[in-house]
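What follows is a set of notes on a single structure, which appears directly below.
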Number of protein chains: 4
Amino acid sequence: MSSSIGRILTLTTFGESHGQALGGVVDGFPSGIEIDEDFIASEMARRRPGSTSLGTMRNEDDTPEILSGIFNGLSTGTPIGFVIWNKTQRSADYSEIAHKYRPGHADYTYDAKYGIRDYRGGGRSSGRETCCRVFAGALAKLFLRKYGISVNAGVIEAGGIKAEGYEWNPPFPGPLYAPQNKNLDAMINAIKEAKMETDSVGGIIECRVSGMIPGLGDPVFDKLDATLSHAVMSIGAVKGIEFGSGFAASRKRGSENNDPIRAEDGKPVFLSNNAGGILGGISNGDELVFRVALKPTASIAKEQLTVTDNMENTTIEVHGRHDPAIIPRAVPVVEAMTALTLADHLLFLRAYER
Amino acid sequence: MSSSIGRILTLTTFGESHGQALGGVVDGFPSGIEIDEDFIASEMARRRPGSTSLGTMRNEDDTPEILSGIFNGLSTGTPIGFVIWNKTQRSADYSEIAHKYRPGHADYTYDAKYGIRDYRGGGRSSGRETCCRVFAGALAKLFLRKYGISVNAGVIEAGGIKAEGYEWNPPFPGPLYAPQNKNLDAMINAIKEAKMETDSVGGIIECRVSGMIPGLGDPVFDKLDATLSHAVMSIGAVKGIEFGSGFAASRKRGSENNDPIRAEDGKPVFLSNNAGGILGGISNGDELVFRVALKPTASIAKEQLTVTDNMENTTIEVHGRHDPAIIPRAVPVVEAMTALTLADHLLFLRAYER
Amino acid sequence: MSSSIGRILTLTTFGESHGQALGGVVDGFPSGIEIDEDFIASEMARRRPGSTSLGTMRNEDDTPEILSGIFNGLSTGTPIGFVIWNKTQRSADYSEIAHKYRPGHADYTYDAKYGIRDYRGGGRSSGRETCCRVFAGALAKLFLRKYGISVNAGVIEAGGIKAEGYEWNPPFPGPLYAPQNKNLDAMINAIKEAKMETDSVGGIIECRVSGMIPGLGDPVFDKLDATLSHAVMSIGAVKGIEFGSGFAASRKRGSENNDPIRAEDGKPVFLSNNAGGILGGISNGDELVFRVALKPTASIAKEQLTVTDNMENTTIEVHGRHDPAIIPRAVPVVEAMTALTLADHLLFLRAYER
Amino acid sequence: MSSSIGRILTLTTFGESHGQALGGVVDGFPSGIEIDEDFIASEMARRRPGSTSLGTMRNEDDTPEILSGIFNGLSTGTPIGFVIWNKTQRSADYSEIAHKYRPGHADYTYDAKYGIRDYRGGGRSSGRETCCRVFAGALAKLFLRKYGISVNAGVIEAGGIKAEGYEWNPPFPGPLYAPQNKNLDAMINAIKEAKMETDSVGGIIECRVSGMIPGLGDPVFDKLDATLSHAVMSIGAVKGIEFGSGFAASRKRGSENNDPIRAEDGKPVFLSNNAGGILGGISNGDELVFRVALKPTASIAKEQLTVTDNMENTTIEVHGRHDPAIIPRAVPVVEAMTALTLADHLLFLRAYER
């Protein structure tokens, strides 16, 4: 069940990085939704290795093969099974990572937990599994679209350089998937520099949802911010998340942080959005806003101290075509997990509509 | 189901702030665990209003009445039902909040979602529901104790003042439940000042778990950091969470952020702990470390702009005995959610032990 | 989680027969439903010991105390917590059953599973836990009522005597809660005779749901008949369940068992109902029909062979005020589990309504 | 989520009868289990159309392609994804069933629920989905084998002819997968006769599990008989289930039906097994015994009354290569659902082992 997420709209995934295929099942998807394959392809393209000049040149085919649940171009309400083939498996030399634990990776913890590990390319813990998330997220977006709900994310900090003076007019173009801003070149250069030094950088992604409707989120344990945190924090490289004013809220007075309310056209309007669009775990109709911290890519070619699976001290250099920054390619993944979570809450809300 | 959390060790709660009672059911608790009622009482005491001189003088009795699942002082494996009575209900005047939406509160969103709202004292969205979490967390701690796992949290920032130069030697004393440090008085004063100005402040809580064992956490959606984020973010005032180096990781190079590994006594030792004790969503045996941002208390006596439930503009002053900072009393709540999550993962690990 | 049932409308229960109280939480109940306390009381009354002259004279107070989730007589959408006190605990002598395993009871299996057992009155395995089911079922019925869905059950066989020539015009009167029929007296006498001989009998309950709407039930694992079987089979004394023509279907030809369909007023009408109102796990709008086999009460005063918890051979006579037949009092319990299951499916259907 | 079953060992499936493929994900499967592909193939073979001379001559390839979760022949603890291709899709003429509702089938109910239906070969409601169950069940059996638990089923009634005087020495040979008995020829002939008359018959399958250990099953809603009923009743053609003495228990006295207990080698031995190996929803270590009623195949070539999806009266003859009796091929499916349920309970028991 840990390979499933969602309550009534669920995604279940399988697959190792260098196994035969990845894939999964989207269950609880409403019937009668037109499956826009071009849109799905465009979402997949944003996540694909090689999609951005800042990332790996690795060219993986990520085209999902839909095996069920669609008939005459419409969803039928039955589970949507899909497979993404690992077509370009190279008969790589795994001798380096087969018995050494890569720092910052899950090699040791998988061995500790399962006693066995598919070490080829990181196995199950590889970021490649996020292709399944993006596919399912694209479906969720097609459903949310019917309600006018639009999920967009962008890079607002890279390698320690913050985007400054930006406007939020998504979707944001590559290679960084960041809003236009004074520091955009510096942000890009921070990544390029790290790459040249065989090192890597992290960054921050902001996600905003427009067209929100009030009532999404279920107290007290499935608050909207709680389930979003669960969904987004399950992305490999994510190390932190904050909603609205977030960590800065902890430094504000209540009189500053509470969003004043005014009535407009018979609806409440919030004069600020420190809440990030959520009050008491339920959406208030305002824009949903949160930010996510991603660590630098763990795979670097620099020499690092580590141990073997026999617990002998050694060193390792992780060569290969790795992204110097995972942030650009994580943008569609953050969107996908957000869309899935919102669609699940929306279906719940429908069940209880008065 | 949104009132339940956990997968096999579950907590289900009910109750409104000023209703007859709160309570719940702890299910999946192992049999044969000695129920140390003194320990439970001491945990409850840390959360109780009036427990700290920094908080409300409101004196609520929080004693949980255990109704099932215990026999001769031992857990029997059957569900542990409990009730916490709202004994000191005052026949308060709710006219102010019955029809006005308090800024920073869930009043509007509950109305939008359910069409009806128990406005007395915040109803279901009141922080009072956390007493059930602390009770269940105390049980979880009794189970974790058998494995030598110890969960401790403390305030490391209050009203914008950071704790400086502290050592981690919990449990931390009141009134702030913060580690001894250079700025302790300043932190306390920040709260007192806000109180005098009928305002409120937020802060940051750090939580650390010692005695961790490797293998806790389930890929890919129930990663340990994902489920902890879910559990902790479901606490009302929490607006952000970060693990290990967290948001700071986003500003580090991979070569800095990866924790080097050395072998010691046949076990891996991590020379730093930027990972916060989690790799690939699975505990690595190192100390678990995360931090939580809490917003300032939303209830303040200052005048604020708001609307009525008829969507007319108005103002509100939220009088009553409110905490100028929720952070001290949130410390045991953060611990409780952490202990519940770890105990659930531990039972999973046991199921799959080789 | 095994103390919870349902997917989005859930019931979680706790409590031992002779502990302080039983109770639970109904979560996911829609807001705005009028809580008809008289109706709830009448449902509880049908299950109460002493409610029928055929049963035990034991007089237990089963009045549920509702602790949350209701405001001004309406459900608020928040969890409904309730407690049923064990007021009439007698300081019974448990020496006989504390260390002897009663045949037909769960005494041995609880010890084997948990290593500890609250032996007082059967503890958690006592039929007394069904009072929580009837309470929650009454709430579910209040919700189903809005859709014109009505759940009724009746005894159609007792002590081997089948009801003959009956019409289905529920609700059925006590003491047997059986439809009027040629053999009604014989059915009642079968129970009385067993009682005089310090023995017990079983029987069969039929349950029918009128006002069904098509579309309830979710393929492929949560088919309506699958979830109903789960819910109903979880009632202690139930040993079998069959839908529509049931076991008799296995002796029919396809040409006999398939229900022919005709169109009437733009809707399909089934000329027979061997399907019991379910096709492919989804309700077809026809009357839902199933039957349940209940074993004879396990507690009998006759001497029986058994063993002690030290695995020594011994004999036991289970004295006390036990029902010679559990069937009449099981009628409202079967209805309750059916109503809960249908309400859960109905909410699902609403979530996916086009 | 309705396409998933199990609590910690879960099976999620997808796929339509005549779509591109069926498949699914087995999650929570323990690591380190040797994957015996020959055994899996032999289980699949028993279910395959054309496997028995009594069934359809349709020859479908059911070979599951395992895509993940196995490394060097051992399970890794990560999800096992699999696909079963619909290789032999004929470009059939669906005009007859595209707009007519086949009696005894789910055509109408899918349309009523989803507003759209993949009518090719029954789509999602086709019995072909059970191939995924058998695959997953084979994995579960490999795990249960380690504990000496063995699941076997056989046909004990066909077309109204009961097996008489049989011994239980499984596995049972084809074509009927029934124990050797006086009426075996008559049972087989009943099927052949129905076939000649373009009709179909049903029957009864008995399932027994040897090597049971006490403690499987979780009160009060996830009793072993409750979860088994859920799992088995979710098989398309099943209309009834009974445990131990089952419906016959309802005609027995308590003194007859209670199984007397004797101590033997420090363990309880039950002198009869009316309980079917379950007391209070928990296994008692005795043989698990239940029986399942299957309706006659709904697809028959005889003319039947039905309606079109425009609600016009019409008739239909369902031609094609259909099984005159589903019972032989259902034998491995019943075993599979039983094995999956037991393996799930076994993992739970391990989590709580003292």
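In case you wondered, yes, glycine gets a Cβ from its N, Cα and C as well.
The annotation NADP(+) binding site is assigned in TrEMBL to C:R47. For the recorded site, C:R47 (NADP(+) binding site), the DSSP three-state label reads helix.
Look at TrEMBL and you will find C:R124, C:S125, C:S126, C:G280, C:K295, C:P296, C:T297, C:A298, C:S299, C:R321 tagged as FMN binding site. Under the DSSP three-state reduction, C:K295 (FMN binding site) is assigned to coil, being neither helix nor strand. Note on C:K295 (FMN binding site): other Cβ atoms within 10 Å of its Cβ, all shown chains, come to 30.
Among the binding-site residues C:R47, C:R124, C:S126, C:K295, C:T297, the ones with a Cβ under 8 Å from a Cβ of chain D are C:R124, C:K295, C:T297. A straight line from the CA of C:S126 (FMN binding site) to the CA of C:R47 (NADP(+) binding site) spans 14 Å.
In the three-state DSSP scheme, C:R124 (FMN binding site) is classed as helix. Counting neighbouring Cβ atoms within 10 Å of each of the binding-site residues (C:S126, C:T297, C:S299), the lowest count belongs to C:S126. Less than 8 angstroms from the CB of C:R47 (NADP(+) binding site) sit C:D62, C:T130, C:C131, C:V134, C:R329, C:P332, C:V333, each of them six or more residues away in the same chain. Across the residues annotated as binding FMN (C:R124, C:S125, C:S126, C:G280, C:K295, C:P296, C:T297, C:A298, C:S299, C:R321), the widest Cα-Cα separation comes to 44 Å. In sequence order, C:R124 are the binding-site residues among C:R47, C:R124, C:S126, C:K295, C:T297, C:S299 whose C-beta falls under 8 Å from a C-beta of chain B. The number of other CB atoms found within 10 A of the CB of C:R124 (FMN binding site), across every protein chain shown, is 28.
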